[in-house]
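Below you'll find the structure, written out as structure tokens, and then a few comments.
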Ligand code: NBP
């Protein structure tokens, strides 16, 4: 072991936390020209394993925070890849004790953006730069090129930018999938919404599969062919591609389609819930993402599902008359609902930026999601075009390309939602997306009645369509209207 005080400062970047993500990210860094990577893990075995299994990476191992700091050239730059939460705080505290002003600490874990805001503020006091960076792409992305969403101060971007650009995924047009999203928690906020959109995308695909299977009787392998075909068109995306792979997989033990032997209870690590909770507090309707998150919760309540199994459904069997026509309707419903999910997700980013004072370039965000991350899709180019043409547009799905797609797909979308309801097949994401579409395009909403009710029981007042001011009806008196101060 090297003595911390004499360790040569040979590394230009370091990684703390060498589990799945950290070890792969460290290998990715080491594979890039000019990088020498210091590695440290709380328990020594992971460090030794990584160094011994990958001699080609020429890692500089460290076995204490002091030694780690000593091996890094100044200004020191370290990326933390540990379990989000208390572990991140523990590592930040340890690093701030051995780092100096001007050094950079990057948290690449899935931190809650409000934690990142808090950490950035606390670390800034020490003169050290703190950057919360969302990293998407899982194990493979970390190794071969993730999509990276860094926040933090502008100053750190000067050092960090070239390093992150060198390890990020590369979009089809050659652009690296990384951009300085905004200050403090902006990067983790955007990563959170990315994951929320991912939940919606996955649920929509699952609903499409379920409807096709139950409506046409096709086998999972046959439906894999349908998804593979869809992947050649406007739905082309990583998630559609892997869906075909999953549906084609046969279980070695039973010879059954693997999808039929996997327990139908979906897990979650919490980023979908964060997206929905944050949207609720910002007042942004992300109903597709919320339904997808709730669908996972519903699936994972076996006692309630067992109790609910006795409830009646429709009497008639569900069988579609024209399988090919139905599959095309489902494809259109999927594309339309997907447009809603992305429109809602970008709406949340816009609202978050406004609330927290971040300047976020929405076109740049859609561009850095084109490769490396789980929601990578051809479709993101269209989003980049839409925000490129009108950066301040209030509603992504009303941009010409998407409005046109929705206009083409809405009849099929309605047929699918009707068919699902009549057949008793749950399609929460398809149907809530359609309800959002109809809500947002409605000339007049029954919100007027809600305002009347609120004024009745709580004197919450209302506004009128025909004159300015705030009004209250004297419901318990002679029911005349009075002009009111809006103080309730
Ligand atoms: P885990 O989330 O499983 O965390 C394990 C790592 O945290 C180990 O290196 C462990 O050290 C370290 N750690 C813990 Br636990 N407590 C610590 C402490 N008090 N001090 C120092 N180190 C501590 O690893 P992962 O799956 O590689 O994910 C890393 C981060 O990347 C997470 O924030 C995760 O949410 C995020 N992320 C993961 C994925 C993915 O696909 N897995 C994708 C995107 C982002 P030990 O070896 O000594 O126990």
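A Cβ is built for glycine as well, from the same backbone N, Cα and C atoms used for every other residue.
Heads up, TrEMBL stuff is auto-annotated, nobody curated it.
The NADP(+) site recorded in TrEMBL includes 17, 18, 19, 20, 21, 22, 41, 42, 43, 82, 83, 84, and the single candidate from 110, 129, 195 that the record places there is 110. Together with 110, 136, 137, 138, 194, 195, 199, 296, 454, 460, the substrate site in TrEMBL holds one more listed residue from 74, 218, 269, which is 269. Within the set of recorded positions 137, 194, 198, 199, 296, 460, no residue has a CB atom less than 6 Å from any atom of ligand 1. With residue 194 (substrate binding site) as the anchor, the candidate binding-site residues are 17, 19, 21, 41, 43, and the one with the nearest CA is 21. With residue 19 (NADP(+) binding site) as the anchor, the candidate recorded positions are 137, 191, 198, 199, 460, and the one with the nearest CA is 137. For residue 110 (NADP(+) binding site), the count of additional Cβ atoms within 10 Å of its Cβ stands at 21 [all protein chains shown]. Binding of substrate is attributed in the record to 110, 136, 137, 138, 194, 195, 199, 269, 296, 454, 460, and the widest Cα separation among these residues amounts to 48 Å. DSSP assigns residue 198 (active site, proton donor) to a helix.
Regional average pLDDT for the domain '6-phosphogluconate dehydrogenase C-terminal' (187-476) in the model is 97. Cα to Cα, residue 41 (NADP(+) binding site) and residue 137 (substrate binding site) are separated by 22 Å.
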